[in-house]
Ligand SMILES: N[C@@H](CCC(=O)N[C@@H](CS)C(=O)NCC(=O)O)C(=O)O
């Protein structure tokens with residue numbers, strides 16, 4: 001496995017599995033916070049912070065969904081790495097479809113940013129990264145915390161009135177995020193990276209027990225925390241949307257597809273369609289998702305005084321536009337040679353995320369600013 005050790009890139013630094021064959025996720029290192037507080041070191045500002053993401057990564061995807069739902073595209077710029085992660089770690093490949101250059105530092109590899117933030121860094125080089133363009137440093141590289149900061153600290157710069165951590169729901173949101181992390185969000189990795197039968201069996205059993213449970217819960221309520229769309233849904237979404245195309249096959253989570261669940265599948269489509277604005281100019285055939293997406297760094301170019309098309313300037317994006325299934329599939333199937341040595345990308349299944357979901361008949365609705373833009377309306 002590859003990581004930084006004392007600021008040097010090493011390709012032999014640590015093993016990700018315990019002796020018993022269980023996958024161990026490493027702790028995240030940069031844990032500062034942007035706070036809407038005059039005494040805070042990192043205060044919210046438009047144009048000051050930059051996100052480094054991979055469209056493939058479910059953790060980074062949480063931050064992209066939150067940015068889109070809140071309408072923070074003009075306030076927080078984004079660079080997208082190559083979905084293929086090789087020996088050199090995440091790298092920028094602006095010539096590849098859906099990828100961008102490093103808009104801030106012009107780096108070739110993400111690890112350069114880590115070393116710039118801490119010349120003696122000893123850590124994995126992961127996405128997402130929240131970068132401070134003023135101090136030239138990493139604020140935070142833990143998705144749950146970045147999601148929370150974007151959600152709660154940047155309201156002055158958000159173009160939509162959307163609160164994904166509402167008063168009265170906070171304990172429940174925190175509880176659910178915790179509860180789904182181990183069996184579901186991390187559980188698919190525990191199954192896929194297990195090197196012995198027992199830890200694999202345990203991960204798969206726990207994963208499907210948790211999915212069965214939430215499928216039941218979602219029979220009677222629109223969202224995980226009840227009638228409000230929250231960060232818990234964002235955390236669940238980025239795992240579910242990858243499930244049938246990747247985790248089911250590549251990580252052997254093949255007891256059942258998400259599309260076979262009575263409630264999880266319509267719930268997934270509901271979330272996918274949230275914030276999609278059918279009044280906005282899209283692709284000529286009305287496609288959403290990766291087909292309608294553009295380089296998210298364009299907004300940064302504008303912040304730097306470069307031009308972008310006027311028609312793009314007022315567009316808020318929805319969840320669909322944060323999903324790039326090509327990047328997702330390329331990343332997983334080609335980046336884990338231990339799991340898939342020939343790097344063949346599995347073809348199916350072809351899912352219709354835009355099919356009607358009828359979840360609006362259940363108690364609950366998205367925030368008004370998102371409901372107005374819903375594709376189901
Ligand atoms: N705890 C981190 C985990 C992030 C993470 O593991 N990202 C993966 C991509 S899905 C990564 O960048 N891995 C690179 C590596 O481990 O070297 C978070 O939730 O932000």
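Here the Cβ of each residue, glycine as well, is placed from N, Cα and C on the backbone.
TrEMBL labels come from automatic prediction, so no person has curated them.
Marked as region 'Disordered' by TrEMBL: 14-39 (among others).
Look at the domain 'GST N-terminal' (56-152): DSSP puts its residues at 31 helix, 17 strand, 49 coil. Sequence annotations record features per position, and here TrEMBL assigns domain 'GST N-terminal' to 56-152.
Taken from TrEMBL, the feature active site, proton donor/acceptor applies to 189. When Cβ atoms from all protein chains are considered, those within 10 Å of residue 189 (active site, proton donor/acceptor) total 17, not counting its own.
Counting every protein chain shown, 25 other Cβ atoms lie within 10 Å of the Cβ of residue 247 (site 'Lowers pKa of active site Cys'). TrEMBL lists 247 (among others) with the feature site 'Lowers pKa of active site Cys'.
Residues annotated as region 'Disordered' in TrEMBL: 276-377 (among others).
Feature annotation from TrEMBL assigns site 'Lowers pKa of active site Cys' to 332 (among others). Annotation for residue 332 (site 'Lowers pKa of active site Cys'): spatial neighbours 56, 242, 246, 250, 251, criterion Cβ-Cβ under 8 Å with sequence separation of six or more.
The annotation compositional bias 'Low complexity' is assigned in TrEMBL to 367-377.
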For the domain 'GST N-terminal' (56-152), mean pLDDT (0 to 100): 97
Residue pair residue 189 (active site, proton donor/acceptor), residue 247 (site 'Lowers pKa of active site Cys') - Cα distance, angstrom, rounded: 8
